[in-house]
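Okay, so here's the structure we're looking at.
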Amino acid sequence: MLDRIRLADFRNHAATRLEGAGRFNLLIGANGAGKTNVLEALSLLAPGRGLRRAQLTDIAREGAHGGFAVGADLVSGVTPVRIGTALRAESPGRRIVQASGAPLPAARLAEWLSVGWLTPAMDRLFADSAGARRRFLDRMVLALDPGHATQSSRYEKALRERNKLMGADARPDPQWLDALEREMADAGAAVAAARARTVERLGAELAGVPDAPFARPQLAIVPAAPADPGELADLWLRGRGADRGAGRTLAGPHRDDLAVVMAGTGRAAAECSTGEQKAMLIAITLAHAGMSAGSRPLVLLLDEVAAHLDSVRRAALYERLAATGAQVWMTGTEAEPFATLPERPAAWRVVDGAAERIE
Ligand SMILES: Nc1ncnc2c1ncn2[C@@H]1O[C@H](COP(=O)(O)OP(=O)(O)OP(=O)(O)O)[C@@H](O)[C@H]1O
């Protein structure tokens with residue numbers, strides 16, 4: 001789990017320290033106080049752009065020097081490991097990541113810990129773009145298969161390069177394109193296979209979970225390309241004309257989607273009620289947390305989740321969270337909905353970009 005958390009110039013937090021974290025952790029405060037900002041900081045201890053997918057320069061505190069830093073002790077073995085990420089004002093394009101004092105590519109943070117989240121913005125996930133669902137799926141894949149981040153970034157890098165060569169003014173060398181497509185095929189097939197394995201395992205986990213009190217979802221990947229590397233390379237070779245016309249790579253695992261249906265009804269998740277959609281998201285998150293337990297430390301960030309549930313679902317959420325062994329960070333405007341937690345939480349009151357421990 002994470003402890004001794006430090007935020008420096010991170011959104012409205014000039015210098016915030018959270019110490020004495022536990023299994024359950026609460027951030028209580030008024031709207032706009034800076035609770036989600038703390039969760040966002042923790043989400044940047046995983047590969048990717050964090051729970052808001054923000055531009056790094058937007059995260060740096062307004063009026064400060066243009067950089068930010070987040071650090072935490074990862075306490076899992078005997079000796080805590082200090083992990084952190086920072087943006088230096090001098091190099092605003094890329095965040096720096098460190099573990100145990102040594103620099104690390106952000107993709108390799110997944111080897112240290114898994115971070116998952118549910119935020120109010122995700123209420124629209126099932127009706128949202130395929131990209132949002134793909135990112136949701138990829139985060140779950142990462143927890144089970146940390147090598148996924150490296151394969152994904154390998155694929156994305158080659159894809160970006162190929163897209164440039166599909167531009168109207170480009171004069172691509174066919175041999176260079178062949179090489180890029182082989183690289184994409186190799187990494188893309190690994191990405192697709194890892195997604196398929198995760199969805200299969202999640203499906204098996206969800207099948208064993210009762211329908212109530214959370215709706216039970218059934219998941220399936222909607223593949224946008226074949227999974228075999230040879231077939232993938234062939235697809236891009238044959239698609240060069242169409243891709244040049246479009247100015248980008250039209251087909252590939254970067255267009256995969258995740259289909260979600262409510263079990264028992266066969267109804268697509270996007271057509272279910274808001275409450276049912278939220279219940280399915282929680283069910284997926286809990287099933288995934290249950291599966292991930294034991295591999296790497298798992299941190300779950302639940303922004304405004306508990307307060308919006310009825311008391312039966314809230315009790316079920318707490319009970320199942322406790323069973324996963326994950327470290328959980330929850331936000332709320334009031335402490336009252338957390339009174340029924342099965343363990344005494346560590347709690348902070350967040351006021352205007354500062355956090356004070358509540359005893
Ligand atoms: N780069 C930044 N510099 C300074 N302040 C920022 C920056 N980015 C966002 N903020 C401020 O952070 C505050 C929002 O914080 P946050 O989203 O964490 O609130 P919250 O406590 O989760 O509120 P709610 O309960 O409404 O979700 C806003 O006042 C916003 O103006």
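Backbone N, Cα and C atoms are what each Cβ position is placed from, and that goes for glycine too.
Since this is a predicted model, take the numbers as computed values, not measurements.
The ATP binding site feature in TrEMBL is assigned to Gly29, Ala30, Asn31, Gly32, Ala33, Gly34, Lys35, Thr36. Under the heading domain 'RecF/RecN/SMC N-terminal', TrEMBL lists 1-334.
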Which three-state DSSP class does Gly34 (ATP binding site) fall into?
coil
Let me know how many other Cβ atoms fall within 10 Å of the Cβ of Lys35 (ATP binding site).
25
Who sits close to Gly34 (ATP binding site): which same-chain residues at least 6 apart have their Cβ under 8 Å from its Cβ?
Arg11, Asn12, His13, Thr16, Val350, Asp352, Gly353, Ala354, Ala355
Check the binding-site residues Asn31, Thr36 for other C-beta atoms within 10 angstroms of each C-beta and report the one with the most.
Thr36
Quick one: of Gly29, Gly32, which of the binding-site residues has the smallest count of other CB atoms within 10 A?
Gly32
I want the residues beyond Gly29, Ala30, Asn31, Gly32, Ala33, Gly34, Lys35, Thr36 whose C-beta is within 8 angstroms of the mean position of the ATP site's C-beta atoms, in chain order.
Asn37, Thr331, Thr333, Val350
To see if you understand the setup: which same-chain residues, six or more apart in sequence, place their Cβ under 8 Å from that of Ala33 (ATP binding site)?
Val350, Val351, Asp352, Gly353
Tell me the Cβ neighbour count for Ala30 (ATP binding site), meaning other Cβ atoms within 10 Å of its Cβ, over all protein chains shown.
13
